[in-house]
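So the structure is just underneath, and the comments pick up after that.
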Amino acid sequence: MPLTAIYTILISLALILGGIWAEDNLNLLPVVASSNAPIYDELFRVLFVIGIILFVGMTALVIYSLITFRKRPGQTSDGIAIEDNLPLEIFWTAVPAIVVLFVGLYSYDIYERMGGMQLASNNSHDHSLMMKDERIWGGIGTAQEENPEGALSPVNVEVTAMQFAFLFNYPKGEIISGELHVPAGRPVSMKMDSKDVIHAFWVPEFRLKQDIIPGQPTILNFTPTKIGRYPIICAELCGPYHGGMRSTVVVEEPEEYESWFNKNSKIPEVAL
Amino acid sequence: MSISVPPNTEQSSKGIQPTGWLRYFSFSLDHKVIGLQYLVCGFIFYLIGGALASAIRIELTSPISDFMPRDVYNQVLTLHGTIMIFLWIVPVVNGAFGNYLIPFYVGARDMAFPRLNAVAFWLIPPAGLMLISSYFINGAAQSGWTAYPPLSITTPAAGQIVWILSVLLLGGSSIFGGINFIATILKLRRPGLKLMQLPMYCWAMLGTSILVVLSTPVLAGTLILLSFDIVAHTGFFNPSLGGNVIVYQHLFWFYSHPAVYIMVLPAFGLVSEILPVHSRKPLFGYATMVYSIMGIVVLGLVVWAHHMFTSGTPPWMRLFFTIATSFIAVPTGIKFFNWVATLWGGRISLNSAILFSCGFIVNFVLGGITGVALAQVPFDVHVHDTYFVVAHFHYIVYGGSVFVIFSSIYHWYPKFTGKMLDEKLGKIHFLLTFIGFNLCFAPQHWLGLNGMPRRVAEYDPQFTFVNQISSVGALLMALSTLPFLWNVFHSAFRGESSGDNPWQALTPEWLTSSPPPVENWVGEPPLVTKPYGYGQSQLSKEIPNSFIEDKK
Ligand code: HEM
Ligand SMILES: [Cu+2]
Ligand SMILES: [Cu+2]
């Protein structure tokens with residue numbers, strides 16, 4: 001049956017190319033504005049292409065079977081009595097297993113590159129933020145490899161969430177702000193705590209989300225890369241005004257950030 | 001065969017049981033009556049849950065909160081989720097079809113514990129009524145169907161306590177049901193019937209019942225502790241009293257992730273019964289189907305923390321749960337390939353039952369693909385608690401379970417009533433449902449990826465148009481129930497008579513009259529060792545002649 005083989009190969013190729021085309025031409029994700037967003041989008045692209053291939057392939061198989069093997073008028077006999085086919089079943093157990101293993105390992109690699117496998121307590125240079133005995137729950141963050149020693153020190157921010165607002169506290173300048181200001185290109189390390197119920201900190205353009213849990217501070221690290229104003233969204237049901245619990249993160253040029261910092265700081269000189 | 005199945009003495013000694021339609025409103029011990037009671041009761045709750053869903057979608061046609069007050073929105077959302085899961089899908093795919101079919105499939109005259117069975121059903125209506133009436137008393141629960149503390153501790157207590165009580169009753173009901181199914185499948189099997197000869201739905205129910213019995217008590221215990229926190233101000237989960245909110249999440253998801261399989265495994269079983277009949281082919285790969293069910297049961301118990309990737313779980317835990325979750329795709333994939341192989345080369349009647357089953361396959365594949373994506377921590381961190389997740393789980397629970405429930409109703413209605421459903425109305429129902437469903441939920445993937453969180457009554461105006469498309473889809477789905485309801489009522493009285501076995505199916509429930517007599521078979525139950533023996537002539541030896549007449 002070489003013809004069937006050729007068809008199979010052609011159809012598979014069309015599916016793969018179609019999947020890649022669809023991914024490139026559909027605008028499925030918001031702007032990229034942090035250093036781990038492009039890594040995320042890479043994973044998304046791979047998952048999307050595999051997903052489209054599987055979905056279109058399965059759907060096509062079902063529709064093809066329904067049409068080709070439909071009962072014609074006058075047919076009274078049954079279909080053929082095939083009950084199993086071991087090689088075939090081994091094949092379609094092995095293929096998904098390999099695909100899934102590939103996806104798992106690949107996403108592990110992505111996670112590693114995002115800094116997710118590091119313990120949060122090693123992640124920040126500023127130990128004043130973290131008392132040694134305090135239990136810090138790991139958040140995902142920018143890998144330290146990308147910020148070798150001697151590089152820019154992180155901007156430390158303490159985030160307090162409450163029904164229904166975020167408060168951003170810059171301990172260095174004793175600033176308390178309702179908006180998050182961060183300089184582009186510099187790592188930010190946030191320690192987040194909640195006064196009442198569980199909230200979550202989400203910036204879609206950063207592809208990052210972390211719950212803010214009362215009684216258990218969490219850490220979130222990221223490096224903003226693109227100048228702009230992006231929404232901060234609370235993503236955990238926190239009461240009637242949950243939908244309105246939003247704020248803004250302002251990613252600015254380092255100089256602009258500095259002047260904002262100086263204008264609001266209670267301590268005169270900037271400690272970069 | 002000379003082995004005789006004893007009549008169910010409990011039932012026989014009760015000569016006073018009402019007969020005719022009245023028995024459906026009584027405390028009957030007949031598994032068939034109880035099964036239909038589950039089905040009808042579940043469908044009534046589905047209509048209520050659907051009305052609530054429509055209210056949610058109406059609110060979301062505009063970006064501001066204008067249709068109902070914000071706390072009422074959260075109550076509606078909580079009621080919708082709770083009703084759809086605990087009062088519609090779980091009772092119907094387990095209780096309704098399990099009760100109706102399992103005794104037939106094992107060749108018994110009733111369930112192992114008929115009284116327990118009736119009690120399990122009769123816990124449901126009061127629990128559901130209580131849950132809904134809490135809305136009128138002091139406001140229903142408003143912390144979502146997950147009831148995460150501390151929110152569930154700080155919102156008004158009355159509604160939350162009623163919510164906990166009703167979920168406890170429903171959990172009790174499903175544990176009773178689970179025990180009964182395990183006992184019936186393992187102990188009431190007709191002598192001579194081997195486990196590996198049972199129809200696939202028995203295996204699905206065995207796996208599901210194991211999950212029910214292992215995980216539901218954990219939910220019950222958790223909710224009892226939560227109620228202590230609310231009424232007695234203990235501090236199990238209350239952080240201001242030293243409690244730990246993450247522990248609640250672990251315990252909650254230890255039940256609620258398996259709950260997804262409690263909703264879809266029986267659906268898998270039902271589809272495995274329906275596809276062979278209407279494509280006139282044996283179920284492909286019986287043995288791998290059985291192993292994959294058991295694989296799903298085992299894996300299903302160890303993946304709960306994928307709901308907590310953003311809760312601050314340690315890295316190793318995220319990794320473990322990513323891998324475990326991804327691997328569920330393997331046994332699930334096997335089942336899907338086997339179903340397609342069952343269709344392949346068949347003589348498929350393109351009727352409503354098969355359309356809904358195939359609609360299920362297509363929808364569930366998409367839900368499964370987004371599920372594997374969500375299992376990847378870096379992916380989940382962006383879309384967790386957004387509309388992407390709402391889309392994903394509706395593809396699973398609606399595109400999966402609900403499509404299968406409809407498919408099953410089209411398939412077994414002649415058995416229940418002795419009447420055929422109208423095919424034209426059935427196809428209209430299918431088209432409206434399929435289009436409406438995809439219009440409603442497919443766009444929600446995009447919403448989630450682009451920044452719309454779930455459980456919000458107000459959202460960024462840039463999402464207005466896509467939300468309106470989704471609401472139009474929801475409207476179509478609501479409309480789609482009309483031809484169905486008309487069909488079911490009209491056909492019950494005016495429908496064409498179906499005869500005993502309109503599909504010429506080989507599973508045992510069809511080898512008796514439709515509707516069946518009180519103890520299922522007038523004489524000896526048939527011993528069916530090849531429930532999927534389509535296309536095999538040697539079967540005529542084992543199956544009454546009347547029913548293979550069409551076959552060569
Ligand atoms: C008639 C079709 C349905 C529509 C239009 C619909 C719509 C919705 C919407 C808009 C939400 C709110 C999502 C959010 O903000 O998080 C929701 C939540 C939910 N729905 Fe549905 N739904 C439908 C059917 C179902 C079914 C059949 C189930 C069965 C299990 C179900 C289970 C849920 C659950 C569990 C939630 C989450 C509630 C929560 O977050 O507390 N839905 N649904
Ligand atoms: Cu919040
Ligand atoms: Cu919130």
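Backbone N, Cα and C define each Cβ position, glycine as well.
Residues or ranges marked as domain 'Cytochrome oxidase subunit I profile' by TrEMBL: B:15-529.
Residues of the same chain lying 6 or more positions beyond the ends of the transmembrane segment (B:33-56) and with a Cβ under 8 Å from any Cβ of it are 23-24, 26, 67-68, 73, 76-77, 79-80, 83-84, 87-89, 91-92, 95-101, 117-118, 121, 124-125, 128, 132, 409, 416, 474-475, 477-478, 481. Per TrEMBL, the feature transmembrane segment maps to B:33-56 (among others).
Taken from TrEMBL, the feature transmembrane segment applies to B:76-97 (among others).
Look at TrEMBL and you will find B:118-141 (among others) tagged as transmembrane segment. Packing against the transmembrane segment (B:118-141) from elsewhere in the chain are residues 27-29, 34, 37-38, 41, 45, 48, 71-72, 75, 78-79, 82-83, 87, 91, 95, 147, 152, 155-156, 158-160, 162-163, 165-167, 169-170, 172-174, 176-177, 180: each is 6 or more residues past its ends and has a CB under 8 Å from a CB in it.
What TrEMBL records for B:161-186 (among others) is transmembrane segment.
If one looks beyond the transmembrane segment (B:198-231) by at least 6 residues along the same chain, the residues whose Cβ comes under 8 Å of a Cβ in the stretch are 94, 97-98, 101-102, 105-106, 147, 149, 152-153, 157, 160-161, 164-165, 167-168, 171-172, 174-175, 177-179, 181-182, 185-186, 189, 237-238, 243, 248, 251-252, 254-256, 258-259, 261-262, 265-266, 268-270, 272-273, 283, 286, 289-290, 293-294, 296-297, 300-301, 507-508, 531-532. Residues annotated as transmembrane segment in TrEMBL: B:198-231 (among others).
According to TrEMBL, the transmembrane segment annotation covers B:251-271 (among others). For the transmembrane segment (B:251-271), the residues of the chain that approach it from at least six positions outside its boundaries are 85, 89-90, 93-94, 97-98, 146-148, 174, 200-205, 207-208, 211-212, 214-216, 218-219, 221-222, 293, 296-297, 300-301, 303-308, 335, 339, 357, 360-361, 364, 393, 396-397, 400-401, 404-405, 407-408, judged by C-beta separation under 8 angstroms.
The feature transmembrane segment is assigned by TrEMBL to B:283-307 (among others).
If one looks beyond the transmembrane segment (B:319-341) by at least 6 residues along the same chain, the residues whose Cβ comes under 8 Å of a Cβ in the stretch are 268, 271-272, 275, 283-285, 288-289, 291-293, 295-296, 299-300, 302-306, 309, 313, 361, 364-365, 368, 371-372, 375-377. For B:319-341 (among others), the entry in TrEMBL reads transmembrane segment.
Among the features that TrEMBL reports, transmembrane segment is placed at B:353-375 (among others).
Here TrEMBL flags B:395-413 (among others) as transmembrane segment. Listed by sequence, the residues of this chain that lie at least six past the ends of the transmembrane segment (B:395-413) yet keep a Cβ under 8 A from its Cβ atoms are 39, 84-85, 89, 92-93, 97, 100-101, 260, 263-264, 267, 270-271, 273-274, 277-278, 351-357, 359-360, 362-364, 366-368, 370-371, 419-421, 426, 429-430, 433, 437, 441, 484, 488, 491, 503, 509.
What TrEMBL records for B:425-446 (among others) is transmembrane segment.
According to TrEMBL, the transmembrane segment annotation covers B:466-489 (among others). Remote same-chain partners of the transmembrane segment (B:466-489), defined as residues 6 or more beyond its termini with a Cβ less than 8 Å from a stretch Cβ, comprise 47, 50, 53-54, 57-58, 60-61, 63, 406, 409, 413, 421-422, 425-426, 428-429, 432-433, 435-441, 443-444, 446-447, 459.
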